[in-house]
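Worksheet: the structure to be examined is printed underneath.
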Amino acid sequence: MATTKSFLILFFMILATTSSTCATLGEMVTVLSIDGGGIKGIIPAVILEFLEGQLQEVDNNKDARLADYFDVIGGTSTGGLLTAMITTPNENNRPFAAAKDIIPFYFEHGPHIFNYSGSIFGPMYDGKYLLQVLQEKLGETRVHQALTEVAISSFDIKTNKPVIFTKSNLAKSPELDAKMYDICYSTAAAPMYFPPHYFITHTSDGDIYEFNLVDGAVATVGDPALLSLSVATRLAQEDPAFSSIKSLDYKQMLLLSLGTGTNSEFDKTYTAEEAAKWGPLRWLLAIQQMTNAASSYMTDYYISTVFQAHHSQNNYLRVQENALTGTTTEMDDASEANMELLVQVGETLLKKPVSKDSPETYEEALKRFAKLLSDRKKLRANKASY
């Protein structure tokens with residue numbers, strides 16, 4: 001896991017130094033990345049609803065959807081579920097869920113998904129309801145049918161390797177054209193919370209592939225932004241739609257990364273004296289919390305540093321609440337009271353400044369992003385018409 005992240009970091013540091021091309025809006029590659037976090041996915045859902053509303057307002061089109069504006073949408077765990085909801089087509093080949101439908105989905109299904117199984121030795125939740133509702137909502141849709149490029153991560157515990165589901169890699173790896181509900185359950189199957197997911201796929205050549213998957217956070221440690229950028233880079237190099245991009249650099253990337261919130265005390269903090277008394281189980285729980293928090297911080301640090309170094313800091317926006325308290329820190333508290341609190345967290349976050357050094361609020365930054373996304377979409381459409 002550390003090796004994979006180190007490779008991605010090195011890859012993007014090298015990429016950032018290879019070109020100083022001045023990009024036009026029409027040549028930009030747009031990326032949306034959504035973190036994992038269980039029921040805390042309500043927080044980025046609030047942000048997505050606001051952004052989609054802004055896009056509809058800017059383009060005077062109530063049917064505008066996020067998938068119309070982003071070249072790559074990536075997510076892990078609950079972020080993978082959100083990715084599927086806004087990219088899976090309905091019978092009219094439009095996203096089956098608008099951004100405003102996501103929060104009601106959590107309120108309706110969250111309490112049933114996080115319904116304690118009562119098992120002492122198995123996972124906390126049996127996952128049956130989650131798989132059932134995913135099958136009902138996503139049907140038989142497969143990766144290749146997604147309305148834009150997706151990047152949803154999981155981890156195969158049999159091969160001990162990450163599995164990344166994307167459209168652009170299907171020509172080389174047709175076995176990855178799995179059903180979206182299998183992918184969504186797999187990326188959400190957090191160890192200790194849900195059982196791992198087994199399924200098979202068949203290729204046109206008759207080959208059978210089996211998967212034994214758990215939560216995508218095992219592969220991406222909760223924040224899929226680097227993964228999403230990697231997929232976007234490959235897409236820009238291989239997709240004819242981006243043929244005008246001769247040499248990709250960060251001036252040609254527009255990245256929106258949505259977090260699911262961290263504790264005001266950087267998740268839970270401990271003293272050396274306290275930790276010295278822990279056994280293996282206590283350490284296991286603490287390490288998971290520490291790893292997720294540290295990874296989210298470091299990923300943001302790496303990406304923001306590179307964007308700033310190439311004078312493209314306005315092309316990257318990380319939306320994250322770092323002051324969660326009480327029940328809002330829990331990924332599996334699906335009580336109505338806590339979900340209402342999470343909605344309030346998201347709404348309050350919109351009014352907060354992006355950083356201590358800037359008076360710009362997240363709401364203002366998202367409006368700016370909406371304008372960029374709209375302008376870029378129009379420029380590309382005009383170019384395609386000639």
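Just so you know, the numbers here start at 1 and follow the chain as drawn.
Positions of Cβ are set from backbone N, Cα and C atoms, glycine also.
Looking up the ranges 75-79, 90-94, 260-264 in Swiss-Prot, the one annotated as motif 'GXSXG' turns out to be 75-79. Its Cβ taken as reference, Asn115 (N-linked glycosylation site) is surrounded by 16 other Cβ atoms within 10 Å in the chains shown.
Distance noted between the C-alpha atoms of Asn115 (N-linked glycosylation site) and Asp215 (active site, proton acceptor) is 18 Å. With DSSP states grouped into helix (H, G, I), strand (E, B) and coil, the motif 'GXSXG' (75-79) comes out at 2 helix, 1 strand, 2 coil.
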